[in-house]
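The following features are taken from TrEMBL:
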type: ACT_SITE; residues: THR187; note: active site, nucleophile
type: BINDING; residues: ARG215, VAL216, GLY217, ASP218, THR238, GLY239, LEU240, GLY241; note: substrate binding site
Amino acid sequence: MSTRRKFIKLSALGATALGSGLPIERALAGSLNAAKSNKPVVISTWNHGVPANAAAWEILNKKGTALDAVEAGVRVPEGDPEVRTVGYGGFPDREGKVTLDACIMDKDSNCGSVAFLQHIKHPISVARKVMEETPHVMLVGEGALQFALEKGFRKENLLTPASEKDWKNWLKESKYKPVINIENHDTIGMLALDANGDLAGACTTSGAAYKMHGRVGDSPIIGAGLFIDNEVGGATATGLGEAVMRTVGSHLVVELMRQGNSPEDACRLAVERIIAKQKDVKDLQVGFIALNKNGEYGAYCIHKGFNYAVQDKSGVKLIDGKAKL
Ligand code: SD4
């Protein structure tokens, strides 16, 4: 970046910091310390983020790109039938169909997304192909499936016997009520900063368990479930997608970081915005994680119980997200 451009950016940051009442030193320190940045680093939602991060780390540690890392990382829970909320083995909708949502975003603000996709185990890789091999950002349903098959993905049955059994039990009462902090809100969202200092993110889910057929959540929506701006940072969301979409949550978190907030503060402010817009948050969980350009990270959620996984040079961590309530 030219010195002049850097100066303009820092001036803008300083002005924002003044406007928001944030200490200017803190806002500026973030930009000025770029040389000391913590990289590479990868963070992701929930405890299934630990093995997912390990796969991403293998790439990051060999100076691979953040984009390759996040794709490889989230493919781990996508392919794991024991993870009942992502990819193969995910809970179906109320008609017993496993429908998947995923998106990916890179350092150049390229993005790709698939929603309401059936029969394909790795929707994140289809999303990447949408990004790289089509003029579009998002493909859904039958069109997304047709595209995946054209690209050589295999059509398979994603409903495992365990998920089918649970669905049949659910049918007995057919009561749809999202429950906080348990398996029906366990999307994986992953953010990585590579050795080159570039960011990328990925988000993939089977969505809310027993949702209406055709329902799409926040996870494949760029800006809601995931957002990356390589000049600032990235954010991703988990929890009740409808609440995240109403506030375009991940974009909000990134913009709050742009204004000088730390990753954790940005996540907290976005959570507070969601709470302010909802009548009742008793049964509503949303969690955000965020990573900035310096490799600093943080998280925040509405209710206790949300955790996130981190891997960097200092090792592997599973951290409880701070909660508002
Ligand atoms: C959705 N946000 O479809 C997703 C679900 C989720 O952790 O995050 N689960 O609403």
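Backbone N, Cα and C atoms are what each Cβ position is placed from, and that goes for glycine too.
Features recorded in TrEMBL, as mapped to the structure shown.
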{"residue": "THR187", "record": "active site, nucleophile", "DSSP class": "coil"}
{"residue": "ARG215", "record": "substrate binding site", "DSSP class": "coil"}
{"residue": "THR238", "record": "substrate binding site", "DSSP class": "strand"}
Packing count at THR238 (substrate binding site) (other Cβ atoms within 10 Å of its Cβ): 30
Those binding-site residues listed as VAL216, LEU240, and which of them has the most Cβ atoms within 10 Å of its own Cβ: LEU240
Packing count at ASP218 (substrate binding site) (other Cβ atoms within 10 Å of its Cβ): 32
Distance, the residue listed as 'active site, nucleophile' to THR238 (substrate binding site) (CA atoms, angstrom): 6
Integer Å distance between the CA atoms belonging to THR187 (active site, nucleophile) and GLY239 (substrate binding site): 8
Alpha-carbon spacing, VAL216 (substrate binding site) to THR187 (active site, nucleophile), which is rounded to whole Å: 13
Cα-to-Cα gap, GLY241 (substrate binding site) vs the residue listed as 'active site, nucleophile', nearest whole Å: 10
Of GLY217, GLY239, GLY241 (the binding-site residues), the residue whose Cβ has the fewest other Cβ atoms within 10 Å: GLY217
